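Residues annotated as domain 'FAD/NAD(P)-binding' in TrEMBL: A:5-294. Residues or ranges marked as FAD binding site in TrEMBL: A:Thr14, A:Asp33, A:Gln41, A:Tyr46, A:Ala86, A:Phe121, A:Asp289, A:Thr330.
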Amino acid sequence: MIKTDILIIGAGPTGLFTVFEAGLLKLKCHLIDALPQAGGQCSEIYPKKPIYDIPAYPEILAGDLTEKLLEQCKQFEPGFTLGERAETIEKQEDGSFIVTTNRGTKHQAPVVAIAGGLGSFEPRKPLIDNILSFEDKGVEYIIKNPEIYRNKRVVIAGGGDSALDWSIFLSDVAKEVTLIHRRNEFRGHLDSVEKVQELKNKGKINLVTPAEVMNIVGHHKVEAVVVSQSQHIEKEFEIECDHFIPLFGLSPKLGPIANWGLEIEKNAIKVNNALDYQTNIPGIFAIGDVNTYPGKLKLILCGFHEATLMCQAAYQIINPGKKYVLKYTTVSGIDGFDGTRKEAPKAVVKAIE
Amino acid sequence: MEQQDVNIKITDRDGVTHEIVAPTDMAMNLMEVVRSYELAPDGTIGICGGMAMCASCQCYVLSKHELPEMQDDEEAMLSEAFYVKDNSRLGCQIQITPEMEGLEVELAPES
Ligand SMILES: Cc1cc2nc3c(=O)[nH]c(=O)nc-3n(C[C@H](O)[C@H](O)[C@H](O)COP(=O)(O)OP(=O)(O)OC[C@H]3O[C@@H](n4cnc5c(N)ncnc54)[C@H](O)[C@@H]3O)c2cc1C
Ligand code: FES
């Protein structure tokens with residue numbers, strides 16, 4: 001059981017900044033995210049694109065914003081459960097909550113902050129009739145551990161960066177890599193496209209375009225995929241393989257959180273915005289893109305503000321009745337949980353003669 | 001600038017057809033029109049904000065309008081999307097202009 005003060009669901013910009021604000025109040029955080037990395041939409045959808053409306057940053061790349069947020073909250077030593085989706089929540093007699101992921105990891109905290117954005121990022125599954133029955137039996141939509149492909153025959157489908165990048169990476173690991181795409185053109189960074197071209201020429205990647213995987217063949221595990229190729233004439237053939245990895249991007253789904261008894265409106269969680277962004281269940285807050293209230297704007301800077309106010313309410317729940325007074329970071333400095341201290345240099349007091 | 005609204009018919013994912021009026025002077029695209037009329041739940045359309053990077057705004061063009069030609073990124077995205085038909089377009093790549101008067105589209109299923 002992972003125990004913490006504030007359990008944050010979603011490691012997007014809102015969740016990451018919560019760690020910092022909570023840290024100032026000496027509250028410890030743990031984050032759960034379905035993605036294998038932190039950053040939410042900023043890292044999954046547009047890491048290389050600029051944002052122009054982060055206060056004091058005339059321009060910052062979404063990926064760099066994620067890096068900065070991680071750096072800013074580092075001394076408060078957040079815990080991470082990545083690559084897992086928060087599935088169920090149970091209220092305990094002592095008022096705390098236990099949140100369990102799809103992999104069975106349990107987390108306990110007196111306060112839960114849902115910073116789930118547009119929802120948990122889930123892979124987009126191609127429309128192949130029998131694909132579901134091969135999941136975890138050779139079909140993987142996300143590559144978590146590349147080692148499982150060592151000396152295996154792998155078929156990758158997709159036309160974007162992740163299909164290109166993984167084909168390149170696995171060409172050194174797997175016995176055989178086949179990349180299948182509906183068109184001859186790929187949508188990716190120039191380097192990746194050129195690298196795949198080079199590996200194709202060397203015979204290290206078997207490129208099949210324009211083509212599509214129609215079906216999967218095998219007894220209890222993937223043994224081959226049926227491919228339809230439409231170059232010159234339409235033809236259908238099988239490619240023997242041990243793994244089929246469709247990489248068609250991820251799309252966010254509110255998912256299990258919708259069944260937690262929270263008030264939902266327009267695919268978002270209703271909160272009390274006059275006070276502290278608490279939901280209809282005391283102790284559960286919703287901040288950032290995932291919440292809604294009159295006048296809500298789904299912007300990063302709004303998530304930061306919501307996170308800050310929410311932490312004050314969390315402090316009161318965790319330290320009932322305790323007096324609190326706001327301190328400026330400039331004045332009080334920052335004491336990290338890792339023993340580090342940041343502080344403003346003292347003014348020099350010296351006579352001028 | 002002269003202000004002009006156009007009439008558009010949009011069939012939502014439940015098969016209901018909405019006759020709506022869209023402004024041509026707001027630099028809106030079809031995906032944004034769908035969002036502003038809430039014809040699809042938040043979070044199921046416009047996920048990439050309109051950068052031709054998610055295909056959540058895919059629609060089928062039912063009327064015979066002469067639409068702006070597809071750019072490379074739209075074509076590439078559609079080649080990775082599901083439920084694609086010959087008349088598929090990305091709504092976020094279709095600007096609302098006076099030429100869109102009478103346009104009829106149907107939203108593609110969510111994926
Ligand atoms: C192309 C694009 C451009 C944008 N440009 C701007 C801009 O210029 N300025 C601006 O302010 N905003 C912009 N935005 C919006 C901005 O990215 C979002 O407002 C911001 O990411 C919201 O942060 P968040 O932390 O609330 O949620 P998200 O970033 O969506 O992160 C939520 C995280 O929660 C996880 N999650 C959800 N449910 C679960 C669960 N049950 N279990 C585990 N994990 C879960 C998800 O996997 C996700 O990683 C843009 C968005 C896009 C797509
Ligand atoms: S909104 Fe993402 S492709 Fe149109």
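For all residues, glycine too, the Cβ spot is worked out from N, Cα and C.
Within the model, the domain 'FAD/NAD(P)-binding' (A:5-294) carries an average pLDDT of 95. Closeness to chain B is evaluated for the binding-site residues A:Thr14, A:Asp33, A:Tyr46, A:Phe121 by Cβ distance, with values under 8 Å counted; counted residues in sequence order are A:Tyr46. Cβ environment of A:Phe121 (FAD binding site): A:Ala34, A:Leu35, A:Glu44, A:Leu250, A:Ser251, A:Pro252 lie under 8 Å away, each six or more residues apart in the same chain. Pairwise Cα distances among A:Thr14, A:Asp33, A:Gln41, A:Tyr46, A:Ala86, A:Phe121, A:Asp289, A:Thr330, which the record gives as the binders of FAD, peak at 37 Å. Cβ contacts within 10 Å of A:Tyr46 (FAD binding site), excluding its own Cβ and spanning all protein chains shown: 17.
In the three-state DSSP classification, A:Thr14 (FAD binding site) falls within a helix. Other Cβ atoms within 10 Å of the Cβ of A:Thr14 (FAD binding site) number 30 in total over all chains. Looking at A:Gln41, A:Thr330, the binding-site residues in this record, the fewest other C-beta atoms within 10 angstroms of the C-beta turn up around A:Thr330. Remark: A:Asp289 (FAD binding site) has A:Gly12, A:Thr14, A:Gln41, A:Gly116, A:Gly117, A:Leu118, A:Ala268, A:Lys298, A:Gly303 as non-local neighbours, by Cβ distance under 8 Å and separation of at least 6 in sequence.
Of all Cβ atoms in the protein chains displayed, 27 besides its own lie within 10 Å of the Cβ of A:Ala86 (FAD binding site).
Annotation note: A:Tyr46 (FAD binding site) sits in a coil segment as assigned by DSSP.
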